[in-house]
Structure formats: C-alpha cells, structure tokens
Amino acid sequence: MKNRTSSSDFILLGLLINPRTTGIVFVVIFAIFVVAVTANMVMIFLIQVDSRLHTPMYFLLSQLSIMDTLFICTTVPKLLVDMVSKEKTISFAACGIQIFLYLTMIGSEFFLLGLMAYDRYVAVCNPLRYPALMNRKVCLLLAAGAWFGGSLDGFLLTPITMNVPYCGSRSIDHFFCEIPAVLRLACADTSLYETLMYICCVLMLLIPISIISTSYSLILLTVHHMRSSEGRKKAFATCSSHLTVVSIFYGAAFYTYVLPQAFHTPEQDKVVSAFYTIVTPMLNPLIYSLRNKDVMGAFKKILAQCLSARKVSTSDG
C-alpha cells in the first residue's frame, strides 16, 4: 500500500449503538470481558494444581482456555477504549496485528475442538488403550498441531489482506479489523482473493468437522452397544459439554466464513462477530465447569483450602 502516512490509519465505526445506551453496553461488555478472562484463568489454574485434572482431556481444555483468553483480549480492550473515546482510529500496523492474532486464535480453536473430539472418541471407544494412545507426548504434539494450523492461517491471509490497495474511505464498518469488513474498503478487485480465502476457510472448517463427525458417529455406535446404563450416562456427560461448545463456535464461524457474502449485512456481521469474539470465550469455561463434577470438585477443594488458610491466619493474628 502506497503513501502510508498518518492518513493510512483506519477508523473503526464500532457497534453503532444508540448514544443513550453506550454506557449500559460498555458495562455489559466490560463485565463479560472480566468474567471471561477470570473464568479461563481459573480453569487453567485448576488444571495445573489439581492432580485429578492431569489428564489428556483437561490438558486440551487448558489449551482452549488459553486460546479463549487471547481471543477475547485481541478485540475487546480496543472496543472498550473506542466506546469511551472520541478517537476511534487504529493504525495500519495495529490492524494487521489484530487480523493475524484473530485468525491464529480462531484457526487454532477450530483444530483444537476437532482434536478434543478425537480425545473423547479414544476415551469412550478404546478406554483400555487410552493412556497409551493419548500419552503426554501425543497430547503435546496435538496441541502444537492446533497452534501451528491456526498460525498458518494467520501468516497466509494477513500479508495478502494488508497488501491490498486501500485508497478510498478509511472507515471500517465494524468494531475490529475483520477481513471481510476491511476488504470492503479496497479500491482493487479482490474477488480472486476472496474466493481463495473462502476455499481456505471452508477447508479449515471441513477438516475438524470431519474429525468431529467421525468421532461422534463412532462414539454413538459404541454407546448404543453398551449394556450398562451408567456407562451410557457417563459417555454422554463426557461428550455433551464439548458438543455444546462445538455447536456454538462452528455455527457462528459457518455464518461468517462459509455463507456467501450476498446473505450478509454489516449489522448482522457485527452481531455474529460480537457473539463469538465476546460471548463465546466466556461461555466455554462456564459450560465445562458447571457441567463437570471434576472441575467443580477441584474448585471447591481450592476454595476450602483458601478459606481454611484465611481462618488460620486470622486466628494467629
């Protein structure tokens, strides 16, 4: 892009909220942000300190919490600052960084959710071989693969997006630098790039969705042949949280990256983006903690230890 002076900065139009409701929306988004970061950090902490959670499933879950924390921190702090300031600009470099981090986090989460489905398949269908098939080395390789796959998406699409010529309006009709919104400002034909991006995103969705579909099809067959009702309940309880997260995340991603642009409007795009960049990172740890006895047990154990330590220190004082 030529002539990159201060005029190369973009302007984020934001959520376009009624000025009268800006304060309320700010408080709601800030509260969601605090809850999301806190819940994910608590999840990571519990998985690290409680030996009962030192299993492949919870290791992958800790990676999901790390991704969710970085994901929400990529967009929300800038959104909150823009809501209370007159300056709503974002530099060309900062926009590129935001695009890269956003693509890396969302891509990594795509792959990780697929790998978590594979983990559930091994646990339910091959319980005796589970420790061998999902040993620490395998878990580290799976996590590294998810991060690598996501960063590959970021490294591939970010440079292309930022090298498209933008010579018209600098106002992005969005609350962060999401590629479809940024490309609307291009003064060159981007149809070929948009087609390539569409194919890339479809492939990135199809690979983990194929793993998830195959894994859960085999899990359902295994559960169907189980004679023990207790075993069935345990299998469904193990998989239900993951399926809930998958449905929420992939549903929003399908709308944004697979549904043709003719079916999109800027207003709808912002609502869907707000859902999976702001709300989903908060929902994920809550879904896994509230519906998981092991996580709740670890939380109550740590809480009890903290309260007893506080009582001892108070009595000593």
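Quick reminder: no glycine exception, Cβ is built from N, Cα and C everywhere.
Just so you know, TrEMBL annotations are computer predictions that nobody has curated.
Note that the structure is a prediction, hence the values are computed from the model and not measured.
What TrEMBL annotates here:
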DOMAIN    39-288  domain 'G-protein coupled receptors family 1 profile'
TRANSMEM  23-46  transmembrane segment
TRANSMEM  58-77  transmembrane segment
TRANSMEM  89-118  transmembrane segment
TRANSMEM  138-160  transmembrane segment
TRANSMEM  196-223  transmembrane segment
TRANSMEM  235-259  transmembrane segment
TRANSMEM  271-290  transmembrane segment
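Spatially, the transmembrane segment (138-160) is adjacent to the transmembrane segment (58-77); three or more Cβ-Cβ distances between them are under 8 Å for residues at least 6 apart in sequence. When pLDDT values are averaged over the domain 'G-protein coupled receptors family 1 profile' (39-288), the model yields 87.
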